[in-house]
Amino acid sequence: MSTEPEVNLKLAQEHGLNEEEYAKICEILGRTPSFTELGIYSVMWSEHCSYKNSIAVLKTLPRDGASLLTQAGEENAGLVDIGDNLAVAFKIESHNHPSAVEPYQGAATGVGGIHRDIFTMGARPVASLDSLRFGSPRDPRVRYLVDGVVRGIGDYGNSFGVPTVGGEIYFEDCYTGNPLVNVMSVGLVEHHKTVSATAWGKGNPVLIVGSSTGRDGIHGATFASEDLSEASEDKRPSVQVGDPFAEKLLLEATLEAIATGAVVGLQDMGAAGLTSSTSEMSARGIEKTGSGGIEIDLDLTPAREKGMTAYELMLSESQERMLIVAEKGREHEIIDVYKKWDVSAVVIGQVTDDNMLRVRHHGEVVAEIPATSLVLGGGAPVYIREAVEKKPDTPAADLVADDSLDFKALSLQLLSRPNIASKAWVYQQYDSMVQTNTVTPAGQTDAAVIRIKGTKKGLAMKTDCNSRYVYLNPKAGGAIAVAECARNIACTGAKPLAVTNCLNFGNPYKPEVYFQFKSAVEGIGDACRMFDTPITGGNVSFYNETSLGGGRTAIYPTPTIGMIGLLDNIDNLVESTFRKAGDAIVLLGAPELSLDGSEYLVMQYGTPGTDSPAVDLNHEKNLQELLVTLASKKLINSAHDVSDGGLAVTLAEKSIMNRERMLGFEVDLECSCKEGTAIQKQLFSEAQGRVVISVDPGRVGAVIEEADRLNIPGRVIGKVTPEGASIAVNGKPVAEFMIDELLHAYGHALESALHLEEL
């Protein structure tokens, strides 16, 4: 220990700890911490691991539900009962800062890490989704980031053998230097095969399994807990390096090891590596049984590089590693399974009953820390920051009169916007059909759906967030993120079940950012309570800022929602696109129309306006129930919600998103409003709570009857045609298209915007 640097306040501050936190550490230990102990505390008390600036707010979210098998934060991921002795494990997490400095590996290891969280619970990953944000595609650096992130996600997922079935991608200037890479994994497990991330049972051996430990990723958790800057490029060593083929072996070996019954507890080594897995598993054991702890000997840890210090071994975030607590006397069964798969499994310590995390290296005790003092809910600090509302300084749009506009040209221009245009270039790089459970190709249903083999059921899943709405109105925007996710799932015929979230915000020490965070969480909570979709867990990513106009600017607040839903009978699945000519087109929902927050307003007037669209959560809940009922009774042939771009874009997407079955439409919108901008609002408003369905003409009466029962306005606005597309308002044509015109505008605009030929 004498070779370690002298620990003092200055060194602690260099590790991201403040004076008060350093004093608390000294008080807990009753002495000055060793250098290794300082490193352990610095990562465990970082924002990334401790949630110290967010946990007080997160505790206000609904976390109870009849179908939940674990509460938020109890385990590596949420666990939801779906009947037939099956449960869904699912979670979403961010890998933003690593992807900003090393996009390929940053994104790839984000995929690997979230899948490990799922299979360490005993579940087999069956699908993944993503939610991505980048700056303007005009920026060469942004194009480099997009290319690296998309390839990283695709290469890791394809090699690992889990389909990437859905996601979203948006472009806004505020993400130029700070992209967001949020990845969600979904897995299935039989109830009796689940595993807890808990260390208990004095004398039970502790094993490290998987890849050897190197110097990659050291202080990755701390890196994720600070602002990005030009100097962040120097922190490429903080970005881990992934190996999907090693993870595939680790997956199969782990599920087989669990089947032996010899595994007591299991946790992924993600952020903070060996430090977080030992301390968190110890703390859970203490909480559940009253005593626990772990003692390890780092000399037994397989190291990738010579001369690694205790500090480096404890803080390394080398990928494809896990910590296992085995039943004493049966560890050889686990080791034999991993050996069969050519995966390392080594006993490095044991469970104790003195409530300590004890680390030995070269015959010395280099760390001896009360385990609960390290973790969220234990000794880790909790802060409530100042929150001050700061209204966006975006001007209201000065709308021009409808009669001066070319609505055909505007509609085609809107379809070619990167935020709306086809994302085929992205999802064609992902294998969405591996495992043969995916029901429809990407983009043909409002939420991805996979079949649950051995049953008639389907599992729907979606990620959603319109960050612009949250920027304009954090509370309403947070609620809309949940509402649209649930609406998308209900459009497939599935009932929304539960939520995981990934909360991406700026610096929490800035009062206006903390206000955005608190308000968005309040909106999310309101929506989840209304829909009975509890929060099962997730991730908070602060310190997301970019350099714009010579200063530091926070990203748009982006509380990404990941949601799952259950389709009782896969035969009742409803697709997004028109199914057959002659069907009636019905618009469900009739909110007051506004252009605030819309893509059209940004495109045409250079401002998002002054507020988000309004959201009526009671209406949304009834709309979800209606859609599920209509699907179960087979009364509708398609359903697609009205969102980005408004009704004109929704109709176009229903026409062209299925390239093998493109159909047209004739729509006539009734409008009693006499104002001179009514047509713009009819076509391009992103007012919430609306869905366009197509229905056999003979079933329209039954559909309207069901809608009336739930107080959902519904009216026929047109019909599906074999070819051509037209929109009229009050009988007056305002836009007519050939299907090929819609497809040309929508189909390859993203590739053109990204100048892919230059990559």
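Using N, Cα and C of the backbone, Cβ positions are placed for all residues, glycine too.
Note that the structure is a prediction, hence the values are computed from the model and not measured.
Taken verbatim from Swiss-Prot:
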type: ACT_SITE; residues: His48; note: active site
type: BINDING; residues: Tyr51, Lys91, Asn501, Gly538; note: ATP binding site
type: BINDING; residues: Glu93, Asn539; note: Mg(2+) 1 binding site
type: BINDING; residues: Ser94, His95, Asn96, His97, Arg116, Gln240, Glu317, Ser318, Gln319, Ser541; note: substrate binding site
type: ACT_SITE; residues: His95; note: active site, proton acceptor
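Sequence-distant neighbours of His95 (active site, proton acceptor): residues of the same chain at least 6 apart with a C-beta under 8 Å from its C-beta are Gly106, Ala107, Thr109, Gly110, Gly113, Val181, Asn182, Val183.
Cβ neighbour count for Glu317 (substrate binding site) (all protein chains, 10 Å cutoff from its Cβ): 31.
Nearest by CA distance to Asn96 (substrate binding site), out of the recorded positions His48, Tyr51, Gly538, is His48. Working note on the binding-site residues Ser94, Asn96, Gln319, Asn501, Asn539: by count of other C-beta atoms within 10 Å of each C-beta, Asn501 ranks first.
For Glu93 (Mg(2+) 1 binding site), the nearest of the recorded positions His48, Tyr51, Gln319 in terms of C-alpha separation is His48. Other residues of the same chain near the ATP site, with their Cβ within 8 Å of the Cβ centroid of Tyr51, Lys91, Asn501, Gly538, are Leu58, Ala72, Ile92, Glu93, Thr500, Cys502, Leu503, Ile535, Gly537, Asn539, Val540.
Comparing the Cα of His48 (active site) with the Cα of every entry in Lys91, Arg116, Glu317, Asn539, these being the binding-site residues, the smallest distance points to Asn539. Distance from the CA of Asn539 (Mg(2+) 1 binding site) to the CA of Asn501 (ATP binding site) is 6 Å. Taken residue by residue with DSSP, Gly538 (ATP binding site) is part of a strand. Each residue contributes its Cα atom, and for Arg116 (substrate binding site) and Asn539 (Mg(2+) 1 binding site) these two points are 15 Å apart. On its own chain, Gly538 (ATP binding site) has Ala72, Lys91, Ile92, Glu93, Thr500, Asn501, Cys502, Leu503, Gly562 as residues at least 6 apart in sequence with a Cβ closer than 8 Å to its own Cβ. For the binding-site residues Tyr51, Ser94, Glu317, Gln319, a Cα-Cα cutoff of 10 angstroms around Asn539 (Mg(2+) 1 binding site) retains Tyr51, Ser94. Sequence-distant neighbours of Tyr51 (ATP binding site): residues of the same chain at least 6 apart with a C-beta under 8 Å from its C-beta are Leu58, Leu376, Val540.
Between the farthest pair of Cα atoms in the ATP binding residues (Tyr51, Lys91, Asn501, Gly538), the distance is 17 Å.
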